[in-house]
Amino acid sequence: MTGIYNPLLVWLSLVVAFLASYTAVELSAGLNALASAKWRPLWLAGGALSMGLGIWSMHFIGMLAFTLPVAIGYDLGITAASLILAIGVSLIALATASRGALSQRRLCAAGTIMGAGVAAMHFTGMQAMQMSPAIEYTPWRVVVSVGVAIAASITALWLAFTLRTSGVQNRVVKRLGAAFAMAIAITGMHYFGMSAANFSAGSLCLSGDKLDANRLALIVSATSFIVLVGTLALLGFHTGSLSVSLKRANRQLHYLGTHDALTNLPNRQQLSLRIARAVAGCARGEASFAVLFIDLDGFKAINDSLGHGVGDDLLQVCAERLRQDLHQTDMVARLGGDEFVIVAEASSAEATAAGVLRRLSEEIVVDGLPLRVSASIGIAFHPRDGGNADELLHCADAAMYAAKQSGRNTFCVFEPHMNQTALKSLILQRDLHRALSDGELSVSFQPKFRVASQSVTGVEALIRWRHPELGEIAPLEFIPLAERSGLIVDIGDWVLREVCRNIVLWDAQGLPAISVAVNLSPMQFNVPDLVARIDALLGAAGVDPCRLMFEITETAAMQNVEKASRTIETLQSHGYTVAVDDFGTGYSSLGYLQRFRFDQIKIDGSFMRELDAGGERGGALLSAVVALARALRIEVVAEGVETESQFHALSELACDQVQGFLLSRPLPASEFLTFLRASADRIVAAGTACVAPAV
Ligand code: C2E
Ligand code: CA
Ligand code: CA
């Protein structure tokens, strides 16, 4: 015996399912918006009641849409039980979708309970027909329909939950879409479940009262319609669905407009307001305040080399560290990029800066990579340095810049002359592009000498910039600017080409094949295709890699130890040599010397002055490094050797090589050519395997 469906009622069931689903989605969002926990159980109960009724009505109308050749009725008790099941299932679903974070396990568990519940409701409802003989079910169809119910429930819960937490854009459309998907799933389950039922020929319905199916359908759908629409209206009225979501949207908009999306810190606009308030407070006699301008050191290099994802994570960790340990009145804001500002009480400004430096310098692990950052901080005081946000930020920025210039990882208090410095930096930054294209740059060469024999072991290329108006600009002044703007990569390529050009020139004159060291700033060192770039440049010039040494600072190497040691190994395997520059000024971890396998250690010039003064520190570090380097077979070079007494002390310590004004200043290319000719007999040729290319 087969049944037929009344298409109108099928449609009606779909509409009711849709309405029930939409109510559920709205409810789970509305529940979340409920401020008072006191009302939550009541809302939950009411919500479950209307949603359960909705699902059940859908099912019931679906049943009524189905007519068998015999008269059908429904047992009241069993029908009521199926309604109670539907309400219970809705309670579980709503409670899950409206609270806390939805873990995968909780989602699956709640979805399975809900799906099984819906299925149970369905088959209980079928039972209410009390057919004789009993309905026979096709097992696989039953299993599939239960599976559909569970999958649909999990999807629906997930949708409801994501929608609850998602942004304001197109929310209504999204909710309608979700409700529609849920409705299709619920009706799909129902009709698939129905298809599992086989009615034997000559079946009879034993249940007592046989109401007219069409009338019953009308009553049920009207009731559920009223309940559902009522719930929606109540939702709209009470939690003020519309007004609440409008308010929420407004709050979100306001938050977005005043906070930085990445770190959740207040943005520049908020900062200006905060400073204006503090200025007004001072006028009323409140304590004076300071503005701390914080810029991370070497962030750009990390961001460029490890990707923005790592950069963003790093910024978040830094923001968190800045937030810690602030007094109630203080504020941390993010200006953008790696720039942050703290507003603090004047009396505690320097202590705050010191605390920030300390906390930022602790190791940060991002994606399993141990990273280290430091910061440069500039401090400006109100009212001494400025009377409004713009003036104070400007001065704090200038002081931050001074902190960068004085070697980073430190703070500087603003002084009027710093404004000049900041202005000059702006001019230099602007003119640097032109310097590169108009030939204002040149390379000087400073030789290195073996202590014992005074033979020439190599030479270091040092960049020079003659500015048409400002004259000679020190590399320490413009290299950081080039790093900031990213121009350092082009400048680095230029230096390398210039060095190659000179090597080819020397070789052409039959001069000894001297090794030339080229400095790589942190950002250059972190360019992803560094070695390939270098190979290409040397290849184009026809220069053998063994003629080149690269000098990198500890700081550059330590930014990402894994990657740095790989880059260093690649450079070495391609025939280049690598030196660690300014040793002793950064992390000075002797342990890392073993790890990195440098060919040369250049001990920073600052230690030489201590040697002169008979200081302990210089001597102690030097003898320790020399001993370790000897064991590791790494050459030790002392930089910045200016006096005879320093030279003498170094030879006592058995240091291998020296470089400094004492033996030679950096020489312009033409002068260095003269030097090379004059010293031809005491020049140590680069690398043993290296043969100067034939001319
Ligand atoms: P650095 O690599 O440590 O270079 C040594 C610096 O010490 C050079 O300063 C050199 O002129 C100076 N110097 C040499 N002997 C003495 C001495 O006896 N006493 C004193 N007081 N100083 C001495 P310079 O040329 O001003 O370069 C400064 C820094 O700029 C370099 O430090 C290096 O880090 C960077 N730099 C220079 N040229 C380049 C380049 O082509 N590329 C990159 N990325 N950085 C460069
Ligand atoms: Ca160097
Ligand atoms: Ca150095």
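Quick reminder: no glycine exception, Cβ is built from N, Cα and C everywhere.
Residues or ranges marked as domain 'MHYT' by TrEMBL: 5-200. Within the model, the domain 'MHYT' (5-200) carries an average pLDDT of 78.
Taken from TrEMBL, the feature transmembrane segment covers 12-35 (among others).
The transmembrane segment annotation in TrEMBL covers 42-66 (among others).
Annotation source TrEMBL lists transmembrane segment at 72-95 (among others).
Sequence annotations record features per position, and here TrEMBL assigns transmembrane segment to 107-128 (among others). Distant neighbours of the transmembrane segment (107-128): 55-56, 59-60, 63, 74-75, 78-79, 81-83, 85-86, 88-89, 92-93, 96, 135, 142, 145-146, 149-158, 161, 186, 189-190, 193-194, 197, 207; these residues of the same chain sit at least 6 beyond its ends, with a Cβ under 8 Å from one of its Cβ atoms.
Same-chain neighbours of the transmembrane segment (140-163): 21, 24-25, 28-29, 93, 96-97, 102, 107-108, 110-112, 114-116, 118-119, 122-123, 171, 174-175, 178, 181-182, 185-186, 188-189, 192-193, 195-196, counting only residues six or more beyond its ends whose CB sits under 8 Å from a CB of the stretch. Taken from TrEMBL, the feature transmembrane segment covers 140-163 (among others).
As annotated by TrEMBL, transmembrane segment applies to 175-196 (among others).
TrEMBL lists 216-237 (among others) with the feature transmembrane segment.
The domain 'GGDEF' annotation in TrEMBL covers 287-416.
TrEMBL lists 425-680 with the feature domain 'EAL'.
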Long-range environment of the transmembrane segment (175-196) - Cβ separation under 8 angstroms, sequence gap at least 6: 10, 13-14, 17-18, 20-22, 24-26, 29, 55, 58-59, 62-63, 66, 118-119, 122-123, 126, 137-138, 141-142, 144-145, 148-149, 151-153, 155-156, 159-160, 163
